[in-house]
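All remarks here apply to the structure that follows.
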Amino acid sequence: MREVNFSIPNVNKASVNITTTLYDRRALDCTSTLPLINSLNHLAYLTTSSARIRDILTVDGGIERLVCILKEGRSRDLMEMWKWSLAFQCVVNIGVRGSESVRTRVVEADMVPVIATILDNYIKVVDKARARADPDTQRHSSRHHAKPVPTAGEPSARPSLLEQAAHTEQRASRRQAPPPNIEIPPYFQDNHVADSNAMDISSSPRAPMTSPPERSTFGQEAHNHRTHDPRYLHPGHRQRAMQPLATALPPMDAADGFGLRPVRDTERLPSMLPGLQNGITSQPDSPTTPSGPIQARNNAATTVPVQRPTLRQQRSASGDSDDGNAESFSMEDGARSEATSEPIVQNQMEIDEVGDRQAMLNGVSDGHDLTVTDPSEGQEAETFNITHRSTVDGSTINNGNTQTNTALGLSPAQAANTTNSPNIVPSPYSLYFRDRSATASQNVLTTMPRDEDVLMSLQLLAYVSKYCNLRSYFQNSHFVPKLKVDRELQMFEDGSSPMETAEEEDEYLLPDDVNIFPLVEKFTVRHHSKDMQYWACVVMRNLCRKDESRGGIRQCAYYKCGKWEEFQRQFAKCRRCRRTKYCSKDCQKAAWVYHRHWCHTTP
């Protein structure tokens, strides 16, 4: 039997691969993971920059091969994860940057079931995390109210600087009520020990001792944050916050007029501390290696599971769009002309600025206690990006990077280094599962979709769902059995260990009874990130488009109805947004449960 991996002996190549200057369809049929990853890595660049490559992939079976790689399912092997992510990136590039005919071929290649499975998995994981987080929050809340309140003089009554910054950012970025306070031990233990032995020397006739510049800066930042926080407006706290850090030194000999003092452990280099030598490893700042933490937040080293590699996302070398519709790429072209400090994805629709939004969402937002800073809002959320910024992930650019790092106690030099190094995006729900070190939790963590996977799925849907002739593919789809995470979620619920993989049902025997629009509509709820809300709203607005091929009629916006107009303007529009149409009042009332999240007033 002939080997499927083609080789080129005359150029000393063990297998055919795709480069940035050469596309070879045979490279996608390689069964070896490493050369296939190399080819997919270069293909991700070609699909971004070359319209001809995108057109070739639609006629030579390249898209079908990429979809087959995606339908093979995820694996906990790092290389297999990388292969799946790169193949997914290639398909998204083809669909987002391609013309109408190219996008049609992406839908016809059965990409919609893959997207539907990704969205469904993410919703299930989110619901599972929130269902398990609610009892935990209530238990911590009852424990917090039961324990006595410490006095102002105790070190435990003073939250750490990181907790203060996080609390201030949460109050400024969110409008719903904050969750109950949870007692978190302070990070900087050595600072509290020093404060307990501090001696106030402000009344001494000697000149006040000075501290190094970086220490003075740190004290000023701490003072600024505490003065803005109403919890620190008490006289006792104000007096302690206004003292420079030099006052927290042990008593010194009065004959020492030069202000010299013994070097403490906190001012030594990490390599000089005997207790940290075993835990320090060098982290090369390479494009493919995530950087280590800039500043240690706790002396105890915690074990973090291996994160999946992200996608190599390349920006387009050509500024022209392959689609004649300039409206589709106006957002992308505008972002490409801006400086690198601006977000790539410009959200033209601001959901929080809609009137009466808070009153409508109180019933939904108050029920969720898994409150973690939004990755697209909180600038302290780190981003996992290997080499290039994505046209999808707008959170890779931090406009307020210097201000945020200063609030966290980092120096400006450290903040500059952070922007040049690849970081990891801490998803709120992945962090929830990561904190639980059980085997079942790690299985869910490795198989659950990442935020960027969901974001790219929604963006791809936003570009392909505006064609009414393809609407049947979205309303009559199915789930891919090998991509579902039901087994991992069941293991997490039961706390059982991995078992033998059961025989999976054949995908092509499944009925096409899945409508993808109700899944997308769930991402318009406010507990998802702003980018997810934006692209989900775009997809839902595309559902309200009129079909010009059928005489300009529209479909009822309630997904369980699906009735079409018999003539133009037969159905009544929503009075608030003037976009959606319903065949009856009953359909409008039934659809209002989720429609209220993307129903925006028109000027």
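Glycine residues also receive a Cβ, built from the backbone N, Cα and C atoms like all the rest.
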- Message: I'm validating the feature mapping. Which of 54-95, 432-473, 558-599 is tagged zinc finger in Swiss-Prot?
- Response: 558-599
- Item | Contact set, same chain, for the zinc finger (558-599): CB under 8 Å, 6 or more residues outside the stretch | 351, 360-361, 364, 475, 515, 517-518, 521-522, 524-526, 533, 536-537, 540-541, 544, 546, 550-552
- Item | For the binding-site residues C574, C577, C599, the one whose C-beta sees the most other C-beta atoms within 10 angstroms | C599
- Task: Could you list the residues of the same chain, at least six apart in sequence, whose Cβ is under 8 A from the Cβ of H595 (Zn(2+) binding site)?
- Result: E521, A557, C574, T580
- Task: For the zinc finger (558-599), give the DSSP counts of helix residues, strand residues and coil residues.
- Result: 11 helix, 5 strand, 26 coil
